[in-house]
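Participant: Pasting a structure below so you can have a look.
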Amino acid sequence: MPTINQLVRKPRQSKITKSKSPALNKGYNSFKKSLTDVKSPQKRGVCTRVGTMTPRKPNSALRKYARVRLTNQIEVTAYIPGEGHNLQEHSVVLIRGGRVKDLAGVRYHIVRGALDTAGVNGRLQSRSKYGTKRPKEKK
């Protein structure tokens, strides 16, 4: 326990929390060609690679991912949620934060139903998370 005199000389320092999605906390000034401190909830990007990867130890699957170059020139790996997708190289996608626990280095999700990404076909529950329109009522 420090003395009051020690605290007067050097006060306690508050902990600095590190961002879990750092690519969303940078903007880009194309005139100066420099990064700026503009935070945003989502960012647009172009797919440079689309593929599958295997998850960490207890799980087994082929998880779909895309390598995306964002508008701030940062390249990130993003997860493609849902069953089936229409993404390929040069597709324009919207990225949000949120990591995938069993994929190493994947800190972002692609938003389904936005820009070039289609919603999940035949989905009836949790439709808003997968960009699926409400099905037509049968008479």
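Backbone N, Cα and C atoms are what each Cβ position is placed from, and that goes for glycine too.
Found this in Swiss-Prot, in case it helps:
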COMPBIAS  9-18  compositional bias 'Basic residues'
COMPBIAS  19-39  compositional bias 'Polar residues'
MOD_RES   Asp102  3-methylthioaspartic acid
REGION    1-44  region 'Disordered'
Participant: Does DSSP put the residue listed as '3-methylthioaspartic acid' in a helix, in a strand, or in coil?
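Facilitator: The residue listed as '3-methylthioaspartic acid' sits in coil per DSSP, no helix or strand.
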Participant: Counting across all protein chains shown, how many other Cβ atoms sit within 10 Å of the Cβ of Asp102 (3-methylthioaspartic acid)?
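Facilitator: The Cβ of Asp102 (3-methylthioaspartic acid) has 15 Cβ neighbours within 10 Å.
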